[in-house]
Amino acid sequence: MKNYAIILAAGKGTRMNSGLPKVLHKVSGLSMLEHVLKSVSALAPQKQLTVIGHQAEQVRAVLGDQLLTVVQEEQLGTGHAVMMAEEELSGLEGQTLVIAGDTPLIRGESLKALLDYHIREKNVATILTANAKDPFGYGRIIRNAAGEVVNIVEQKDANEAEQEVKEINTGTYIFDNKRLFEALKHLTTDNAQGEYYLTDVISIFKASQEKVGAYLLKDFDESLGVNDRLALAQAEVIMQERINKQHMLNGVTLQNPAATYIESSVEIAPDVLIEANVTLKGQTRIGSRSVITNGSYILDSRLGEGVVVSQSVIEGSVLADGVTVGPYAHIRPDSQLDECVHIGNFVEVKGSHLGANTKAGHLTYLGNAEIGSEVNIGAGSITVNYDGQRKYQTVIGDHAFIGSHSTLIAPVEVGENALTAAGSTIAQSVPADSVAIGRSRQVVKEGYAKRLPHHPDQPQ
């Protein structure tokens, strides 16, 4: 039997008060829609459609060209949204999942369990339900004395007794595909909202004595639908708990999980120590035995084994085994630090390659530089790489020694084993094994200070 899927992503999300479509708001680095698509993939649907409407082009851009979309020009309810898929799916044999694109916490395993239950029970429709402590706002699952599902009643249409029901509709269903589209033809807008409710399909099936079931979620959190920023923050907290728990089970030490932000795309090897207030985002990969200390931020970077990052920012860069960074360093995009490089406090590296065992300990800027192995960069040294229009490269050979407060004006090259004297401005290349001194000769005027206003011998 074939599986199909319809993801509902056409809503405006008015309560988000945002210029961004609701389903594109992110939870742990991925849009809500991407989380849903990832979970839906567990069913391996033969055909999958996403119903888009509000700011359709933005949503389509996230989906890419590989996934089918249909446009709901007017948002006339969930039933109307599913009707938009009729041309693609009507008449096909199989089961169809219908799920909202603003439910980022639903797990693929739960959707698979829902499908298995639907097939096993031979239902024409199966509702994914959950027990809510506070069911306000949700559609209620109404059962008869035998425990069979009779109806789904929306909050605005529920009477007092129905509002006391704790079992709620999560908005996720499995339908017999052919019967779904047959039933949709009988929907009306005779309700408090004046919309086509998808839930009315259940009443249609019950009226024709077809079997409708409900599969109860074990974890209510999975049912969370995000309609405002409060729910978005709630989803973020829950997702972070999941992500951090899995990393800890995999052998990562998080000193304070509640104060550690790790996006879902990040990979961390066992025996890594992550201190509090650390943020790890994007395609970051961290090797075993590395230590990331309090307050560090790492984005789209690959760190080898035994790397230590102390209160620093690393973006779009590659750090080999044994590299140490910080405190208060900034490794900017397109930088590569080879084995055992040391970047100390208040050092900024941008678009540069530093060879093995090279050290830049203090107060340094290295931009657009190709630096060899075992080079020492003295405190306060700067590569001057930008003339206001173009950027130029600085090349420093192996074993070179750059004296403190050297200014290297690119394009310039310092050869292997060469040395620049402290305080030098280097505007011409320095050959290998040479010493370059580029500073004014010191002049001492003995006794002259006594003539200056600051001197204690001067009258005040």
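Counting starts with 1 at the first residue shown.
Glycine is treated like the rest: Cβ placed from N, Cα and C.
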**Request:** Could you look at ALA418, ALA422, ALA427 and say which one Swiss-Prot places alongside ALA379, ASN385, TYR386, SER404, ARG439 in the acetyl-CoA site?
**Result:** ALA422
**Asked** What binding-site residues among LEU8, GLY139, ALA379, TYR386, ALA422, ARG439 are found with a C-alpha within 10 angstroms of that of HIS362 (active site, proton acceptor)?
**Response** ALA379
**Request:** Around the Cβ of ASN385 (acetyl-CoA binding site), how many other Cβ atoms lie within 10 Å? Please give the count over every shown protein chain.
**Result:** 23
**ASP102 (Mg(2+) binding site) as reference: those binding-site residues from LEU8, ARG332, TYR365, ARG439 with C-alpha within 10 Å of it** = LEU8
**Item:** By Cα-Cα distance, the member of binding-site residues LEU8, ALA10, GLY139, TYR365 nearest SER404 (acetyl-CoA binding site)
**Value:** TYR365
**Request:** Return the residue, from the listed binding-site residues ALA10, ALA422, with the maximum count of other C-beta atoms within 10 angstroms of its C-beta.
**Result:** ALA10
**Whole-number Å value for how far ARG439 (acetyl-CoA binding site) lies from ASN169 (UDP-N-acetyl-alpha-D-glucosamine binding site) (Cα to Cα)** = 77
**Asked** Which one of the binding-site residues (LYS22, ARG332) has its C-beta surrounded by the most other C-beta atoms within 10 angstroms?
**Response** LYS22
